[in-house]
Ligand SMILES: CO[C@@H]1O[C@H](CNc2nc3cc4c(=O)[nH]c(N)nc4cc3[nH]2)[C@H]2OC(C)(C)O[C@@H]12
C-alpha cells in the first residue's frame, strides 16, 4: 500500500487519536495540518522554509494545475515533487470542489462536469477518469476521488442524488487509478443529513479505499452543524485508515475535529489571512496591521518559536504591511503556518499523555474567535 496509517494512541475518553502516516515521501505524525499550495507553491514560502517550520504534507490542486501550466508539463518536469522541488508529502484535491466554487457556468451530468475556466473562460470538461489521469500525471502521494461537494444548504433529495453519483464516480476513479505508488482517497458526502452520511460511508467503505476524506463541510454551515456531522460520521469510518477533513481550518475547528477523530486537515485560512495582516496567537486572532500596534515592539506571540517571532516586532511587521513590502506577508505567513503546525504537535502530545480533554478545556478558556 502506498500510504499506511499507524495508530499510536487513542484518547481513552474521546475519539481523538495520535498516529503516523507512512507515505512514499516520508512518515508524518498525525493529527497533521497540511499547508495549501494550490498552484504548486505555498504562497510566499520556499520549500526550505516549509521544511524548517515542520511542514510534512502540502496540498496542490488539480483544477488549477490542469488549467495552468497543464498536467502534461508537470509530468514532463518529472512530476510535482521535482517541479516544485519539494521532497515531502503532496496531496492533490481532485478539482471537484474548485469546479463548483470557482468555475462559472458549470453543467453536471453522469459523465462528468463541463465548466468554463475562471482564467480565460475556455470550455473545459472533467470526468472521474480524467481527474484521476491528471492526478496520476501530477504524481502526488495522495490523490482524491472526483466528487461533487454538496452545496449548503441543499434539500434531502438533491443531497441523496448527488451523493449517490459521487459514489458511482468514486468507483470510476478507482477503476482508472493504476499508480501503485499513490493512494486514492474516497470522499464522504451526504450534505447535512445523517442518513445520507451513513449511506455515503457504507458505500465508499465497501469500495475499500486506503483513506477517507470528509467532504461537503466547511462550506458555510454553522460550526455546530459541522461538529454534529463529524460526531455522526467519523465513528462509522474504519479505525485503521486515515480520516481527512477537507478545508478545515481555524484553531477551534482543528481542536473539535481532532476530538472527533480526524487525522488530517487543510485550509487556505492561515496563509490567506496572513496576507492581509491577520495572525494567530494563543489568545485568538490579532490584526497586526491595526494602528494599535504602531509602537508595539513585542513579538506577535511571546510563546511562539517561529522565525518571525524570534526576530521581529509587531511594529516592524505592521510597517512592512502598511508599505506593502513583500517581506511583511512572508513574515505573517511563516508565523501562521508555524503556529498551526505546532498547535497540532501540542495536541498530539496531549493525546499521547492522555490529557487531551484538559488541553481542549485550556484552549477554550483562552480562545476568543
Ligand atoms: C473556509 O475556507 C473557505 O472554504 C473552503 C474550505 N472548505 C472546503 N470544504 C471543502 C469540501 C470539499 C469537498 O467536498 N470535495 C473536495 N474534492 N474538496 C473539498 C474542499 C473543501 N474546502 C476554502 O475554499 C475557498 C477558497 C472556496 O474558500 C475557502
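The backbone N, Cα and C atoms fix where each Cβ goes, and this holds for glycine too.
Just so you know, TrEMBL annotations never went through curation; they're auto-generated.
The domain 'tRNA-guanine(15) transglycosylase-like' annotation in TrEMBL covers 14-368.
Per TrEMBL, substrate binding site is recorded for 93, 94, 95, 96, 97, 147, 189, 216. Residues near residue 96 (substrate binding site) in space but far in sequence (CB under 8 A, at least 6 apart, same chain), listed by position: 113, 131, 144, 146, 147, 148, 149, 187, 215. Residue 96 (substrate binding site) falls within a helical segment according to DSSP.
According to TrEMBL, the feature active site, proton acceptor maps to 93. Counted within 10 Å of its Cβ, the other Cβ atoms near residue 93 (substrate binding site) come to 29, all protein chains included.
Per TrEMBL, the feature region 'RNA binding' maps to 247-253 (among others). Counting residues 6+ beyond its ends, the region 'RNA binding' (247-253) has Cβ neighbours under 8 Å at 97, 217-219, 223, 226, 262, 265-267, 269, 280, 340, 343, 363-364, 367, 369 in the same chain.
Residue 266 (active site, nucleophile): 23 other CB atoms within 10 A of its CB, across all protein chains. Feature annotation from TrEMBL assigns active site, nucleophile to 266.
Residues or ranges marked as region 'RNA binding' in TrEMBL: 271-275 (among others). Secondary structure of the region 'RNA binding' (271-275) per DSSP (helix as H, G, I; strand as E, B; remaining residues coil): 4 helix, 0 strand, 1 coil.
Annotation comment: TrEMBL describes 304, 306, 309, 335 as Zn(2+) binding site. Annotation for residue 335 (Zn(2+) binding site): spatial neighbours 274, 279, 280, 300, 301, 304, 306, 308, 309, criterion Cβ-Cβ under 8 Å with sequence separation of six or more. Classification of residue 335 (Zn(2+) binding site) by DSSP places it within a helix.
Long-range contacts of the region 'RNA binding' (271-275) within the same chain: residues 35-36, 42-44, 285, 329, 332-333, 335-337, each at least 6 residues beyond the stretch ends and with a Cβ under 8 Å from a Cβ of the stretch. DSSP assignment over the region 'RNA binding' (247-253) gives 3 helix, 1 strand, 3 coil. Listed binding-site residues: 95, 216. The one with the lowest count of other Cβ atoms within 10 Å of its Cβ is 95.
The shortest Cα-Cα distance between residue 266 (active site, nucleophile) and any of the binding-site residues 93, 94, 95, 189 is the one to 93. Taking the mean position of the Cβ atoms of 304, 306, 309, 335 as the Zn(2+) site, the remaining residues of that chain whose Cβ falls within 8 Å of it are 299, 300, 301, 305, 307, 308, 310, 334, 338, 339.
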